[in-house]
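These come from TrEMBL:
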BINDING   G14, S20, I21, D64, V65, I92, K161  NAD(+) binding site
BINDING   A95  substrate binding site
Amino acid sequence: MSGLLAGKRLLVTGVITDASIAFSVAKLAQENGAQVVLTGYGRLSLVERIAKRLPEPAPVIEVDVTNTEHLAGLADRVREHVDGLDGVVHSIGFAPQSCLGGGFLDAPWEDVATALHVSTFSYKSLAMAALPLMSPGSAVVGLTFDATKAWPVYDWMGVAKAGLESASRYLALHLGKQGIRSNLVAAGPLRTIAAKSIPGFDQFEDAWAERAPLGWSLTDQEPAARACLALLSDWFPATTGEIVHVDGGYHAIGS
Ligand SMILES: NC(=O)c1ccc[n+]([C@@H]2O[C@H](COP(=O)([O-])OP(=O)(O)OC[C@H]3O[C@@H](n4cnc5c(N)ncnc54)[C@H](O)[C@@H]3O)[C@@H](O)[C@H]2O)c1
């Protein structure tokens, strides 16, 4: 087996279509020598159908990150396919409609709580569920959308991402002693199901087209996926609590 991730065993969450960032991660990871186990949420048969489009067959385990039984059983379910994990990819986000598209001032706590549970707290819960399978050198990688700014229509999802960015630093702090890294990729806008659920998402598209110094493709998930692979590989052995921007350089430019 050759490639950047030769011999590595990965758990990849978040595949729902072949446009999912997680699908690109799983595909590239397999092409680079990794063994991939997927998790699916909700429409499992759909995830299994999409999984068949990967270069190699990948088993799919059902995981709703808000379901404590799913999390408690995760390590045993994963062990049915691999004897340990070298990497976990958290590619999960959800916020009820009230939390997005300008609803910041009116969204009720119950909806905000759902957004934070699925998009923020789950980063820690997923890592802990997988921890019994990980050993020194293993890595957790998640996806954020630059939360240092307030974006026009991102609203509570932006707050959830700010929490995720902090949670990743705390995970780095608490798992560092065990030699486990935690890093995030801050991707620019990509046309996925999650993105399409944000009313006014086209504002991001226009802004990136105008301002990203390297240019930006809204339909090419590979640059973000490549960064995930790099962070999962042995080539960032002393990097944790970091956020790597994969946004065509947008974050670095003033308007
Ligand atoms: N698309 C973008 O523009 C963009 C930019 C930056 C970061 N991101 C982040 O990338 C990650 C992946 O999103 P995507 O854009 O590939 O969209 P996507 O819709 O393809 O993936 C989102 C995934 O979250 C999963 N999910 C939702 N609720 C869940 C739950 N309770 N338990 C388990 N899984 C659940 C869905 O099943 C889906 O697979 C998210 O964290 C998203 O916020 C996306």
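In case you wondered, yes, glycine gets a Cβ from its N, Cα and C as well.
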*Quick one: of the binding-site residues G14, V65, A95, K161, flag those whose CB is under 6 Å from ligand 1, and say none if nothing qualifies.*
G14, V65
*Under 8 Å Cβ to Cβ from K161 (NAD(+) binding site), same chain, six or more residues apart: give me those in sequence order, or none if nothing qualifies.*
G93, S119, T120, T144, F145, D146, A147, Y154
*Take the C-alpha atoms of G14 (NAD(+) binding site) and the residue listed as 'substrate binding site' and report the distance between them in angstrom, rounded.*
15
*Of all the binding-site residues here, I92, A95, which one's CB has the most other CB atoms within 10 A?*
A95
*Between the residue listed as 'substrate binding site' and V65 (NAD(+) binding site), what C-alpha distance do you get in Å?*
14
